[in-house]
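Comments concern the structure below.
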Amino acid sequence: MLGIGNLAKLVFGTPNDRKVKSARPLVAQVNALEEQFRALSDADLIGKTRELQGRAQSGEDLDKLLPEAFANCREAARRALGLRAFDTQLMGGIFLHQGNIAEMKTGEGKTLVATFPAYLNALAGKGVHVVTVNDYLAKRDAHWMGKVFAQLGMTTGVVYPFQDDAEKREAYRADVTYATNNELGFDYLRDNMKGSIEQMTQRGHFFAIVDEVDSILIDEARTPLIISGPSQDRSELYKTLDAFMPELAPEHYKLDEKARNATFTEEGNEFLEKRLQAAGILPEGQTLYDPESTTIVHHANQAMRAHKLFMRDQHYIVRDDEVVLIDEFTGRMMKGRRLSDGLHQAIEAKEGVSIQPENVTLASVTFQNYFRLYDKLSGMTGTAATEAEEFAEIYKLGVVEVPTNRPVQRIDEHDRVYRTATEKYAAVIEAIKEAHAKGQPILVGTTSIEKSEMLSQMLTKEGIQHNVLNARQHEQEAKIVADAGKLGAVTIATNMAGRGTDIQLGGNVEMKVMEALAADPEANPDEVRARIEAEHAAEKQAVLDAGGLFVLATERHESRRIDNQLRGRSGRQGDPGRSLFFLSLEDDLMRIFGSERLDKVLSTLGMKEGEAIVHPWVNKSLERAQAKVEGRNFDIRKQLLKFDDVMNDQRKAIFSQRLEIMHTEEVGDIAADMRAQVIDDLIDRHLPPRAYAEQWDVKGLHDAVIDRLNMDLPITDWAGEDGVDQDTIRERIQQATDAYMAQKAEQFGPENMRQIEKQVLLQQIDSKWREHLVTLEHLRSVVGFRGYAQRDPLSEYKTEGFQLFETMLDGLRFDVTQQLARIRPLTDAEREQMLREYQQQQAETEAQMHPEHEEAEGGEVSGRVAGFDETDPTTWGNPSRNDPCPCGSGKKFKHCHGVLA
């Protein structure tokens, strides 16, 4: 029987139905223009773009231009790629243009969909950013979809790591720019550390289309992007603390796996105190509870977390003497990404690899706050509905489920739950053998590298050929995914979220053609393609007859969305398929969330070894547990955002002020205002209002003026005059300072003085902001304890954060004023000394760039092997990543030939 809610939906339709219905008339308008645009020549398509650009840039609403722009783009894609966009793809493009998240199933052509809103919004001339999850996809999509934009007379750029600023500037100035979320965020931070407008790379934040939007805006929302510099070396402390960790007994610590946190118990603190005192780290008489012990306690906690909560091959791998993190949502290696607060160093000590120094934050931003900079934001994904509330609340984005072009024919079976992991894996192997026997391609989903490799060993014992895709095989990813739909293929993969490459039944035609032509360059491309397409059609039919792709998952993820993404790999474009989850009561999700109750139920039912329970109730129970985890994670992200918003408001104020200074030719007024405020502060501090003259601290004011303003003024004499008040002394100091600074400007020349003032302002802003970030981080780490005193940590953080910000601004004014007051022109002798040092530096740089001219003892070329040939990399030995490239390009090795290493 239908409930009242379901009955209402039947009568009135769901909000999603209404949104889809409202887009249909626009799709019809685009379809009505199709024949008209098909009749246009290639030059006419570009001419249409120029006409639409003129209308958009003269103020015409983009919504009015949509039908013509979409029709033009559809025709360009048909000519450039041989792809005609379906109505559902046009609909997805409409929702993206309107600033929504378009939920489109795997295989529905999201890459092509993005070109429609990108083209329409690029007509405004402000640039559009299409955001992908990795560099491979950014380059692939820019090259592939760039053909469509070229057909339309528009430029395409791609941004990736290690480009120089000139290349990045050019990419950002293109009409449409493809980039990863990481690179966009880092470029934003780097731009706000530049010394002039000309050095900046980005040109604003107008419109972004985020692919795999749930992965970027939700899974990575808690990870800030940080540009940092090295701090003091504490490697010995990490090693000493790490040595104690294996000695910890269960009563020494308490684990909270749900929150991924660990704390020492009372017994643990006593154990730690004794060990630290014996090792000489904790001085005699000092306890862990003393304020001086804060750093030691913090690093001991991190060492324990490294041992008890971070597992090798699940959370990280060790490669080339380095701990490389693994993204738990996508299974990808996150090279260059490091855990903060000493946790990464603790893991390095645990694994016995080189311990890299901790870093001090120079600039940071979260993805939540970076993407909220855009005037308009939209996104695409295969799974967003489960997180619709979070998208709406944090990003003000609606989620619209776009209908599939063809009905989904995949069969999603009920989960099978076993009592032990051993029973579960035995059943998994049997299911794989059964499907493999009929040639059905199988995608086996696992949650960690360790489990994927264990399954691989089990399949090898059974003699079943298979591929493994995890962070270790990251480089072969595209090839493995392309082959996963072939007849009889078995592919084991860690989380497939955000992989970006569709699994096509029968294999990927384009990749087969490329391989065939690479193997035989003399072959006729058309003949090769015709042969491969015929073979592919036969193989695809055999796969369809076998039941399509079988997605077999070995565990539920904490997030329903990740499970749905794995399921969505099967049944693309109306193909048949099947998905099935195998679980056990020993799985992490089951163990942490209520497996005991289920175990009792299974015992009551009298289940025997190897038997599974299959029931819709189990699915619902698991989904409730997952919803609980998602809700808790949402609350954590929401709370983190509230804290980050405090810093974000301050960041925006500082970056905006910095930008204004870079844009302003004449910053003398800003420096003069700061000087006036400094003088006011000095007067108020030493000659307080409503204080009698005999209560004034005249000597203190005299010394402060010498220190801050670099002038020895007769303040004692002024204070002794009859009828002199604070305002008179303030005015005299101000006049003397103005005259002193005017004299400096004359000595340097007006143009030089302008440059000096600008550089001093920017340097001091950067320096103060860096110090302020460290202070805010410290405040953030301790403010949580205020909750024990019945005070709201967030309110305390806001209040104290604002006070710290005001203190920073006061310090900024004082330091800028002091530095400008102390500068002076160089003497001739100093200028000659500087010139000599500069020439010496230049000579050293030249020698580094061309070391073949610099011979060491024994006639060997310094830094290179004997028999060196700059055109032959085999003679280069092993250059360090940061050495100049031996080819003589002048670039660092890692940015030149080292890219290929």
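Placed from the backbone N, Cα and C atoms, the Cβ positions cover glycine too.
These come from Swiss-Prot:
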BINDING   GLN89, GLY107, GLU108, GLY109, LYS110, THR111, ASP502  ATP binding site
REGION    838-883  region 'Disordered'
BINDING   CYS885, CYS887, CYS896, HIS897  Zn(2+) binding site
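DSSP gives LYS110 (ATP binding site) a helix state. Cβ contacts within 10 Å of THR111 (ATP binding site), excluding its own Cβ and spanning all protein chains shown: 18. Fewest Cβ neighbours within 10 Å among the binding-site residues GLU108, ASP502: that distinction goes to ASP502. A sphere of 10 angstroms centred on the C-beta of LYS110 (ATP binding site) encloses 24 other C-beta atoms. Taking the centroid of the Cβ atoms of GLN89, GLY107, GLU108, GLY109, LYS110, THR111, ASP502 as the ATP site, the other same-chain residues with Cβ within 8 Å of it are MET104, THR106, LEU112, VAL113. Using a 10 Å Cβ-Cβ cutoff, GLY109 (ATP binding site) registers 18 neighbours. Maximum C-alpha to C-alpha distance over the listed ATP-binding residues GLN89, GLY107, GLU108, GLY109, LYS110, THR111, ASP502 is 16 Å.
A helical conformation is recorded for GLN89 (ATP binding site) in the three-state DSSP classification. Within 10 Å of the C-beta atom of GLY107 (ATP binding site) sit 21 other C-beta atoms, taking all shown protein chains into account.
Annotation for GLN89 (ATP binding site): same-chain Cβ neighbours under 8 Å, separated by at least 6 residues, are GLU108, GLY109, LEU112, VAL113, PHE116, ASN405.
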